[in-house]
Each structure stands twice: as structure tokens, then as C-alpha cells.
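Asker: Once you've had a glance at the structure underneath, I'll fire off some questions.
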Ligand code: APR
């Protein structure tokens, strides 16, 4: 990344590619020939409010499966390296993740913001309370706060507003370095962060298996698996 001496504030955007080597399916390009999630399920059916209204059982079952699966997965060296960076970096740092798994946290990272929600939360559409949730939702369990049977997965679907955008843009405005890791750059607003960060004066770096859609906006691109690229980059940052 060249000279790090003028870098104090870092914003890191992560996507499904960071968790791919933990065995969690990516959405758009399958790893090792395996079909991606959106090749196995129709986005309109399982990841939109309209799909949920049409067939709630299908949607609840889909997320019950995913919620159960992520709890059997473990963080990989990319998550661990980012947690180390979080622990040791003295300047500002924010890991904005599009991932709904909890692998950044389980690796020990603390400055994590889930802009697309979290599998391990249930959201009560009656009282608006979010509760930590590890079991299924298909049987319409009662909300721990209000007892209504109106819990849904706390994940942001297509057509819904991502969470905590004000905080994200505030961090991007202060950022000296923006790093995008393991995301295809296909979904806005996250896909636009690189342009925002760049126009606000930050250096921009991409770490991904293949070039993302907005690859041309990055000052530097490194291609390879996250489990290899991320620890190497973190060592550079902390060592330099
Ligand atoms: N290391 C690094 N990058 C990888 C790896 C790996 N081991 N495996 C895959 N990738 C890259 C792919 O090349 C791809 O560019 O990760 C990216 C994953 O892209 P997507 O599947 O589109 O995932 P993401 O960018 O996180 O999707 C964004 O789309 O459907 C929504 O809400 C969902 O948050 C998600 C959003």
C-alpha cells in the first residue's frame, strides 16, 4: 500500500468473499464450481418484502437454514487478521460488513457495523424490538419483548434501506484509507462507497478474488483469496 504514515482513519467494507473460505456460500459467484446462493434460490422469493408477504413460510425456512448453518462455521484467517488490526490500530477504524454472519465478531473484532443486518437477530414487526435469536422462526415464536408472533429475520432485503448509513458516511468522510474486501460491487449503496471515499480524498484499495464491478475506482487492486491477502495486508499496515 506504499506509505502508511499519513493514514490514521480506516474504513473497511467486507462482503461474502471474506466468509467464503469459512464455507458460507457467496451470492453471485460460486467458489470451486459450487453454485452461488442466488443461483440456488430466486432473490425475489427469499430476499424481498414482497416475497415474504407472498410466502412467509418459504422465507422463514430459508433463513432458519442459513441461521443454523452459520453457527457451525468458524472464522478464517481473514476474519482473524481484521480482528487483530481492530485491536491494534490506534486510529479510527470501522469494519462495515454486508455480511449477516457473525464471523467478524467471533474472531474478536469489535468495531463492526452490519449494514445488511444479522442472521442472529430477530426483528419484531409489531414492537420494533430486535432480539438475539439462534433458533428457528418458522413456528412463529413470541417476541420476548411484546409477545406478538411477528418476528422476522433482521436482514435487509432488496428494496429496504440498509442500516446506519449516517454513521457509515460520517466514517467515510473522515477516512484516509478505504479498503474493500471480498465483495462483487454489485449492490448499492455499498458498491458506491469507493467513489464516495475517493472523492472525499481517501486512498482506496481492493482485495478480492477477481476484479469487482467498480474495480476501476480503486487506486490499487490485489487479487487472491482473502485468507491469504488480508493477513498479508494487515501485517504491512501494522508493521509499517
Ligand atoms: N477471497 C476473496 N474474495 C472472494 C473469495 C475468497 N476466498 N471467494 C469469493 N470472493 C469474491 C468473489 O470474487 C466476489 O467478487 O467475493 C465476491 C462475492 O460477491 P457476492 O457474492 O456478490 O457478495 P457481496 O458482494 O457480499 O454481495 C453483496 O448482495 O445479495 C446481496 O445482501 C447480499 O450483502 C449481500 C450483497
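Note: Cβ is positioned from N, Cα and C throughout, glycine not excepted.
Under the heading domain 'Deacetylase sirtuin-type', TrEMBL lists 1-240. Taken from TrEMBL, the feature substrate binding site applies to 63, 66. Annotation comment: TrEMBL describes 98, 99, 100, 101, 182, 183, 184, 208, 209, 210, 226 as NAD(+) binding site. Residues annotated as active site, proton acceptor in TrEMBL: 116. The Zn(2+) binding site feature in TrEMBL is assigned to 124, 127, 143, 146.
Thinking about packing and proximity, how do these listed features fit into the structure?
Answerer: Following the DSSP three-state reduction, the secondary structure of residue 63 (substrate binding site) is helix. Listed in sequence order, 46, 119, 137, 153, 155 are the same-chain residues six or more apart from residue 63 (substrate binding site) with CB atoms under 8 A from its CB.
In the three-state DSSP classification, residue 182 (NAD(+) binding site) falls within coil.
Long-range C-beta contacts of residue 116 (active site, proton acceptor), restricted to its own chain and to partners at least six residues apart, with a cutoff below 8 Å, comprise 97, 98, 99, 100, 155, 156, 162, 163.
Here residue 127 (Zn(2+) binding site) comes close to 143, 145, 146, 148: these same-chain residues lie at least six apart in sequence, with C-beta atoms under 8 angstroms from its C-beta.
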Asker: If you count Cβ atoms within 10 Å of the Cβ of residue 182 (NAD(+) binding site), leaving out that atom itself, what do you get?
Answerer: 27
Asker: Identify which of the following binding-site residues, namely 63, 98, 100, 146, 182, 226, place a Cβ less than 6 Å away from any atom of ligand 1, and list them by sequence position.
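Answerer: Only 98, 182, 226 qualify.
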